[in-house]
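Swiss-Prot has this to say about the protein:
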type	residues	note
TRANSMEM	7-27	transmembrane segment
TRANSMEM	44-64	transmembrane segment
TRANSMEM	85-105	transmembrane segment
TRANSMEM	134-154	transmembrane segment
TRANSMEM	184-204	transmembrane segment
TRANSMEM	224-244	transmembrane segment
TRANSMEM	256-276	transmembrane segment
TRANSMEM	311-331	transmembrane segment
TRANSMEM	342-362	transmembrane segment
TRANSMEM	392-412	transmembrane segment
TRANSMEM	440-460	transmembrane segment
TRANSMEM	464-484	transmembrane segment
Amino acid sequence: MKKLTNVFWGSGFLVLLAVLFGAFLPEQFETFTNHIQKFLTSNFGWYYLIVVAIIIIFCLFLVLSPIGSIRLGKPGEEPGYSNKSWFAMLFSAGMGIGLVFWGAAEPLSHYAVQAPGGEVGTQAAMKDALRYSFFHWGISAWSIYAIVALALAYFKFRKNAPGLISATLYPILGKHAKGPIGQLIDIIAVFATVIGVATTLGLGAQQINGGLTYLFGVPNNFTVQFTIIVIVTILFMLSAMSGLDKGIQLLSNVNIYVAGVLLVLTLILGPTLFIMNNFTNSFGDYLQNIIQMSFQTAPDAPDARKWIDSWTIFYWAWWLSWSPFVGIFIARISRGRTIRQFLLGVIVLPALVSVFWFAVFGGSAIFVEQHGNSGLSSLATEQVLFGVFNEFPGGMMLSIVAMILIAVFFITSADSATFVLGMQTTGGSLNPPNSVKVTWGLLQAGIASVLLYAGGLTALQNASIIAAFPFSIVIILMIVSLFVSLTREQEKLGLYVRPKKSQRSQL
């Protein structure tokens with residue numbers, strides 16, 4: 001068995017501390033973490049916006065630069081997974097259950113509850129609702145994941161470094177990357193991963209329970225949610241023990257097929273013309289305003305500033321907190337692709353799918369609110385999707401497909417997380433032992449269950465977002481480190497705007 005590292009014990013201690021606070025002092029812990037989170041979003045919102053903008057610009061630079069032809073692996077090495085399986089796995093890990101949870105609920109909230117641009121229920125509010133949903137789940141989120149994944153994949157497969165966050169900083173930290181500073185960085189990454197995934201497990205259990213309640217009258221309580229977590233835990237641990245090539249790959253492919261079926265059925269059975277017209281209009285609006293939205297802080301408009309802090313800054317912090325987990329997993333499955341192929345595959349295609357997903361489900365929710373069930377916006381977040389389906393022909397069938405999708409996404413996210421946590425706490429092993437994966441799987445399930453029971457899930461989510469602040473500094477250092485190493489290799493390989501044939505063969 002691989003030896004457990006100081007990162008395991010250090011991160012385990014922090015997680016235990018957070019869980020104990022959440023379990024025994026849930027209200028105080030929520031107040032404490034909420035205060036810190038609001039302080040960070042209110043005072044450092046500008047910082048989060050600039051960090052994400054830097055990430056996007058750097059990714060664009062790499063795609064357009066000759067550096068983009070460098071391969072993440074040995075010269076001429078082929079990818080280990082087909083394009084379909086690669087996309088399925090990275091997409092399932094990166095968004096997963098969040099798309100189902102927020103696909104209808106977020107645009108509806110922007111339209112009917114709190115519009116980003118002013119008065120709710122207006123045509124302008126509808127356009128803004130979709131535009132901002134595209135913005136929150138589009139290229140910005142995927143660029144954050146991509147840059148962390150790229151740094152890890154490059155240093156692991158090109159430089160043969162350990163698969164650890166700290167190992168990506170060796171060019172600028174030197175020996176300190178292997179010492180206490182490097183271990184602290186890895187501990188923050190593991191803490192953010194454990195807390196973020198445990199929160200998602202809790203939210204997933206709530207959404208499945210909410211769907212069962214809405215559809216079949218099943219009680220909405222902790223007993224049902226705990227039963228859901230137990231069943232899902234057994235399934236994802238069986239998948240985790242079967243290995244990456246069997247369990248996660250198979251489940252991810254199933255995810256994509258089921259998600260595709262649900263998307264197409266909703267588009268056909270729902271208000272198709274309304275969806276496509278508003279998708280086209282709002283997508284153009286998104287492209288036209290993406291730069292302005294990326295830097296908007298609204299310093300002279302208190303209401304708009306509050307909305308930006310609550311949504312955009314919250315999302316940027318959330319994606320940053322999830323980037324260690326998703327980045328490590330994407331890096332693990334991306335060997336053999338060029339930097340350009342990697343970035344286009346991780347950013348552009350997932351962003352387009354996410355955008356269209358919100359157009360279909362968010363557009364459907366807004367249509368129902370306008371023309372059918374005007375009380376849709378008063379439903380709990382986890383029930384909005386099922387409320388939308390209830391207004392469509394074949395609504396029960398759609399709801400059942402959605403429940404299956406939530407469950408499979410649920411299993412895949414937890415499965416991927418146990419794999420990543422196993423890697424991070426065994427020195428970056430690409431194939432961590434089952435015993436370590438099972439340990440992390442049980443811990444995640446236990447954390448989610450305890451905090452669902454105690455009511456401390458929101459506080460745990462706040463803690464994860466707080467961890468995003470120090471990790472954002474790590475990401476900036478990763479960009480600098482990656483740039484330093486790539487420019488050195490560019491000079492070594494003689495890469496220019498038009499490399500010669502002989503030079504391409506060296507990549």
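Think of each number as a place in line: the chain as shown, counted from 1.
Keep in mind that glycine also has a Cβ here, set from the backbone N, Cα and C atoms.
If you look at the transmembrane segment (134-154), the same-chain residues 6 or more away from its ends with a CB under 8 A from one of its CBs are 52, 55-56, 58-59, 62, 70, 72, 94-95, 98-99, 102, 106, 163, 165, 167-168, 282-283, 286, 290, 293-294, 311-312, 315-316, 319-320, 322-324, 326-331, 334-335, 339, 342-343, 346-348, 350-351, 354-355, 357-359, 475, 478-479, 481-482, 485-486.
At the 8 Å Cβ threshold, with sequence separation of at least 6, the transmembrane segment (342-362) comes into contact with the transmembrane segment (85-105) through 3 or more pairs. A contact between the transmembrane segment (224-244) and the transmembrane segment (464-484) is absent, since fewer than 3 of their C-beta pairs, 6 or more residues apart, lie under 8 Å. Sequence-distant neighbours of the transmembrane segment (85-105) (same chain, 6+ residues past either end, Cβ-Cβ under 8 Å): 79, 133, 137, 141-142, 145, 200, 203-204, 207, 248-249, 251-253, 255-256, 259, 325-326, 329-330, 333-334, 345-346, 349-350, 353-354, 357-358, 360-362, 364-365, 381-382, 384-385, 388, 402, 405-406, 409-410, 412-413, 416. Just going by CB pairs under 8 A, the stretch in 392-412, 440-460, 464-484 that sits most against the transmembrane segment (256-276) is 392-412. Under 8 Å from some Cβ of the transmembrane segment (440-460) lie the Cβ atoms of residues 12, 15, 18-19, 21-24, 26-27, 29-30, 32-34, 194-195, 197-199, 201-203, 205-206, 222, 225-226, 229-230, 232-233, 236-237, 240, 414, 417-418, 421-422, 425, all in the same chain and six or more residues away from its ends.
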